[in-house]
Amino acid sequence: MAEARTSRWYFGGLASCGAACCTHPLDLLKVHLQTQQEVKLRMTGMALQVVRTDGFLALYNGLSASLCRQMTYSLTRFAIYETMRDYMTKDSQGPLPFYSKVLLGGISGLTGGFVGTPADLVNVRMQNDMKLPLSQRRNYSHALDGLYRVAREEGLKKLFSGATMASSRGALVTVGQLSCYDQAKQLVLSTGYLSDNIFTHFLSSFIAGGCATFLCQPLDVLKTRLMNSKGEYQGVFHCAVETAKLGPQAFFKGLVPAGVRLVPHTVLTFMFLEQLRKHFGIKVAT
């Protein structure tokens, strides 16, 4: 009998951490662009300003929080999605229909988004800290220090500021990434022209990254503004209204860097994940 392998529940978190290490500078630039009150700088200009002002390593500000986020948010959503998908297809003759993948992706993303909200809050703050005046900087030493100080100084409730938005975005991103990746890979393999190899993984994940970017950009902007606020927004709706006053384009601030960051991040995540599954996955006789 042929031997196949399935993912272990924590592979998604490990793969996402590997991808985050590669794409963190792009994530940082995306946050800087989204938190501008007016559109003053584009992606290249923002990158040059960060390097000139704080040095090249400033592009990696908040990396510990980003990794902490991946080990909460991404680990949770991948674990739920892949475990449930494998369970639901265990005795079936074919893959899940697309609507089932979308439903699974939505549930997994909602849960992962909520679990990852505290780390996401600290991640956004650490990335944006250098833009603040010296007197207003939070100067978190690392992710755990940030989590501890937010809980101590602002209360445990503040750790989940923007949880609704983060969960909603998590659902959209997970549908765009995991559900669309599975579907794209299934369609590519069904043509018979490509086998289950690295190029297939690259093509499928590239499609998934594009889907995820377009699905979640407006919510991503609102989430970033909510998490970086000092209480000026009363909620998601109020934040949306205030953002709308800046014009429709305000909802798509940082669209290019979001795509430039999310598409490579998605590609790297799934290529790492497929290699982890291939070499270290659970053996299944088929």
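Here the Cβ of each residue, glycine as well, is placed from N, Cα and C on the backbone.
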Discussion item. Of the ranges 142-161, 162-181, which one does Swiss-Prot flag as transmembrane segment?
Written reply: 162-181
Worksheet item: If you check Swiss-Prot, which stretch out of 62-81, 182-201 is marked transmembrane segment?
Response: 62-81
Worksheet item: How many helix, strand and coil residues does the repeat 'Solcar 2' (100-187) contain under DSSP?
Response: 76 helix, 0 strand, 12 coil
Practice prompt. Identify, in sequence order, the residues in the chain of Lys158 (N6-acetyllysine) that are 6 or more apart from it along the sequence and have a CB within less than 8 Å of its CB; answer 'none' if there are none.
Written response: Leu121, Val150, Ala151
